[in-house]
Amino acid sequence: MLEVSNLTAIRDERVLFENLQFEIKPGELVQIEGRNGTGKTTLLRIVTGLGDRDEGAIKWKGEAIEKSRDQFHQDLLFLGHQTGVKRELTAFENLRFYQSIHNSDSSSERIFHALTQVGLAGREDVPVAQLSAGQQRRVALARLWLSHQILWILDEPLTAIDKQGVKVLESLFSNHVDNGGIVILTTHQDMFTDSPKLRKIKLGD
């Protein structure tokens with residue numbers, strides 16, 4: 001379980017949010033909503049431990065994330081605005097590298113499957129530097145198919161993804177929460193209309 005209590009973030013003397021409280025349990029899909037500038041990305045970065053908070057506490061499995069940093073990071077997959085892919089490596093090599101550092105199943109078949117799911121079949125051996133920005137984003141998203149982490153925190157994962165790609169990702173998110181995972185994301189696109197699986201947390205009200 002992820003617990004956020006009395007969370008406050010102030011940037012440039014402007015309060016983005018204060019005394020924010022919520023709990024997210026395994027099997028939940030949560031969308032963070034709000035206008036631009038309300039602190040959605042800031043919230044995700046704070047929850048992952050990458051951003052500073054002014055007040056409040058964040059716990060994972062009952063422990064403050066500062067005290068259980070190693071376990072928390074083992075359980076976390078974060079995809080932010082930066083893709084985090086290595087431009088000098090190919091798409092395939094990037095995912096192989098990801099497998100090696102996360103002790104994932106190292107089968108080549110899983111990598112090919114992941115790249116197919118994000119529409120990069122046939123581009124496996126192309127250096128990432130030669131891919132478009134949207135394709136580089138898809139290489140990063142392909143990690144989701146290789147992930148064993150429980151907690152997925154995703155900042156605008158649907159950017160530059162077509163309708164079919166959105167459906168594929170929605171199915172992946174559903175399967176992840178059905179298997180006891182947690183997905184927290186921001187997006188400007190409509191998702192899971194009226195789905196009981198989707199819970200929304202709105203910032204800026």
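Each Cβ is built from the backbone N, Cα and C atoms, and glycine gets one as well.
According to DSSP, THR41 (ATP binding site) is assigned to a helical segment. Counting only same-chain residues at least 6 apart in sequence, those with a Cβ under 8 Å from the Cβ of THR41 (ATP binding site) are GLY80, HIS81, ASP155, THR186. Annotated ATP binding site per Swiss-Prot: GLY34, ARG35, ASN36, GLY37, THR38, GLY39, LYS40, THR41, in sequence order.
The annotation domain 'ABC transporter' is assigned in Swiss-Prot to 2-204. Along the domain 'ABC transporter' (2-204), the predicted structure has mean pLDDT 92.
In this structure, the binding-site residues under consideration are GLY34, GLY37, and the one with the smallest number of other Cβ atoms within 10 Å of its Cβ is GLY37. Looking only at the binding-site residues ASN36, THR38, the densest Cβ neighbourhood within 10 Å occurs at THR38. Neighbours of LYS40 (ATP binding site), defined as other CB atoms within 10 A of its CB across all chains, total 26. Comparing the binding-site residues ARG35, GLY39 on other C-beta atoms within 10 angstroms of each C-beta gives the minimum for ARG35.
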